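Asker: Here it is, the structure, as structure tokens.
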Amino acid sequence: MSTRISRSVYADMFGPTTGDRVRLADTDLIIEVEKDLTTYGEEVKFGGGKVIRDGMGQSQVTNKDGAADTVITNALIVDHWGIVKADVAITAGVITAIGKAGNPDVQPNVDIIIGPGTDVIAGEGKILTAGGFDSHIHFICPQQIEHALMSGVTTMLGGGTGPSHGTFATTCTPGPWHIGRMIQSFDAFPVNLGISGKGNAALPGPLKEMIEGGACALKLHEDWGTTPAAIDNCLTVADAYDIQVMIHTDTLNESGFVEDTVKAFKGRTIHAFHTEGAGGGHAPDIIKVASLENVLPSSTNPTRPFTRNTIDEHLDMLMVCHHLDPSIAEDLAFAESRIRKETIAAEDILHDLGALSMMSSDSQAMGRLGEVIIRTWQTADKMKKQRGALPQDSARNDNFRVKRYIAKYTINPAIAHGVSKLIGSVETGKMADLVLWSPAFFGVKPDCIIKGGSIVAAPMGDPNASIPTPQPVHYQPMFGAYGKALTASSVVFTSQAAAAGNLARDLGIAKKLVPVSNVRGGISKKSMIHNDATPKLEVDPETYEVRADGELLTCAPAEVLPLAQRYFMF
């Protein structure tokens, strides 16, 4: 016989269903479940006296014959494509199904088979997202990677060689020897990693050897001389090898203005870092490149969102990161030219309009790599408070705004860097790089981080306790982060030229080399999901005011933010 229960009781037992709404942490962002792929009355749940037991929700099917390795039950998926309740199957480290799990011998509508060889992760009342992708990493110290992972980031792309002065300032790994050494070190870390080589050269030879040596991208940085000649040469070589180019333009306008840089692009696709300009770039109007079809614009997180403290902290950060001397007037003027409250305020709004497509950190080099996800949602919340609902949303929910913002650190950087077939979203056929969150801690502190189908990190209580929850609770690496499980569940992204050669053998690495692809003519700003707007942008050279299609973009700095001190008292 059937039994009718209230929505609140159902949500407590199996998680929210269609029409239920969930607040994201302490923000004003509300999501509403669009669809429930499970079957009422046939839900699967693990535990004593629950459904997933032999002959009930668990079948006799072997893994060889189709039972999943792992099932995440009754999770609320939040992704660019939807906000959907479902069971999620993982097999051989890959997401193989999103739908209804159970035992097809006794249950209807089952498309995910639970067998004796299936493990269960309880997703009831939890939010499931794709692992984050931080595409602006200064590899200054290896300890960064653990901090990023514990925040929900599972893929990192950038450059550097450790705490050298070149790495403090620029995301470039120079030359094939350094690239090789960095890739060899990557076997120690349970995340996907990629190296950007130095793109500043006026002739192709040095760039080609870095690409063939394992770089998956090239980075043009003003501290190495981002001249029109270097830009043109770098993009020409990148076109030949199908890799992405990232650019930090000329703050001092020594070799040209923003118009000269755009001319050097020649309409070719390029990823523009910290497009607002506080992180570097043509002062005061680099932000204008966000209006171009061929530019994939991103932000770094220290300016996200604009608060009453943003301006004050930036000057000191900049002096340290770019090896400047405050006693030299020219160095001080260089620093001050980059920090403009008007363009930082406009950056908030351009994110909300979908004109700035991606979010990243700029780790330890004017950015906090453990806060990419936090600051994305702080920006979304600030814009909800200041600008109200987006036209695509209703009074009931902020679903479209949430989809827009989550795309900024998941699918869009994956598209920009040619790896979206493998990572970047919760979709079948992709690597199971997943993060499970309690709604009250969404965006701040994950419940569980899954990498390539294995749990690699989670908050864990005293290992000597009788149960897993007693204090002190710390984020800790799990079994998936050790031994050969680590190298089997994560990859190194590289160029097609490097992957096709003998690089893995020559370097003696265990991780699989995965080539990037389709990052040149095949993509443009239109490829940036929910973030493809190209308004005409103008910057007043005297006041620094920014206008989009003639409308002044301005907003007040935030006095208080969500996802902040109340979550970090201990």
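Glycine is no exception: its Cβ is also placed from the backbone N, Cα and C atoms.
Pasting the relevant annotations from Swiss-Prot:
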type	residues	note
ACT_SITE	His322	active site, proton donor
BINDING	His136, His138, Lys219, Asp362	Ni(2+) 1 binding site
BINDING	Lys219, His248, His274	Ni(2+) 2 binding site
BINDING	His221	substrate binding site
DOMAIN	131-570	domain 'Urease'
MOD_RES	Lys219	N6-carboxylysine
Asker: Reduced to three states, what secondary structure does DSSP give Asp362 (Ni(2+) 1 binding site)?
Answerer: coil
Asker: What's the number of neighbouring CB atoms sitting within 10 A of the CB on Asp362 (Ni(2+) 1 binding site)?
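Answerer: There are 29 such Cβ atoms around Asp362 (Ni(2+) 1 binding site).
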Asker: Under 8 Å between C-beta atoms and at least six apart in sequence, can you list the same-chain neighbours of His136 (Ni(2+) 1 binding site), or say none if there are none?
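Answerer: For His136 (Ni(2+) 1 binding site), the qualifying residues are Leu157, Gly158, Thr171, Met246, Phe273, His274, Ser298, Thr300, Ser360, Ser361, Asp362, Ser363, Gly367.
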Asker: If you count other C-beta atoms within 10 angstroms, which of the binding-site residues His138, Lys219, His221, His248, His274 is the most crowded?
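Answerer: Of the binding-site residues His138, Lys219, His221, His248, His274, the most buried by Cβ count within 10 Å is Lys219.
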Asker: State the three-class DSSP label for Lys219 (Ni(2+) 1 binding site), counting H, G and I as helix, E and B as strand, and everything else as coil.
Answerer: strand
Asker: For the recorded Ni(2+) 1 site formed by His136, His138, Lys219, Asp362, name the remaining residues of the chain with Cβ within 8 Å of the site's Cβ center, in chain order.
Answerer: Ile137, Gly158, Gly159, Thr170, Thr171, Met246, His248, Phe273, Thr300, Ser360, Ser361, Ser363, Ala365, Gly367
Asker: Under DSSP, is His274 (Ni(2+) 2 binding site) part of a helix or a strand, or is it coil?
Answerer: coil
Asker: I'd like to know the mean pLDDT over the domain 'Urease' (131-570).
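Answerer: On average, pLDDT over the domain 'Urease' (131-570) sits at 96.
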Asker: Restricting the comparison to the recorded positions His138, His248, His322, which residue's C-alpha is spatially nearest the C-alpha of His221 (substrate binding site)?
Answerer: His248
Asker: Over all shown protein chains, what is the count of other CB atoms within 10 A of the CB belonging to His322 (active site, proton donor)?
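Answerer: Taking all protein chains shown, His322 (active site, proton donor) has 21 Cβ neighbours within 10 Å.
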Asker: Within 8 Å of the centroid of the Cβ atoms of Lys219, His248, His274, which other residues of that chain place their own Cβ, given that this set defines the recorded Ni(2+) 2 site?
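Answerer: Close Cβ neighbours, site residues excluded: His136, Thr170, Thr171, Leu220, His221, Glu222, Met246, Ile247, Thr249, Ala272, Phe273, Gly279, Gly280, Gly281.
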Asker: Distance between the residue listed as 'active site, proton donor' and Lys219 (Ni(2+) 1 binding site) at the Cα atoms, whole Å?
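Answerer: Counting only the Cα atoms, the answer is 16 Å.
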Asker: Whole-number Å only: compute the distance from the Cα of His248 (Ni(2+) 2 binding site) to the Cα of Lys219 (Ni(2+) 1 binding site).
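Answerer: About 8 Å separate the Cα atoms of these two residues.
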Asker: If H, G and I count as helix, E and B as strand, and all else as coil, what does DSSP give for His138 (Ni(2+) 1 binding site)?
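Answerer: Looking at the DSSP assignment, His138 (Ni(2+) 1 binding site) belongs to a strand.
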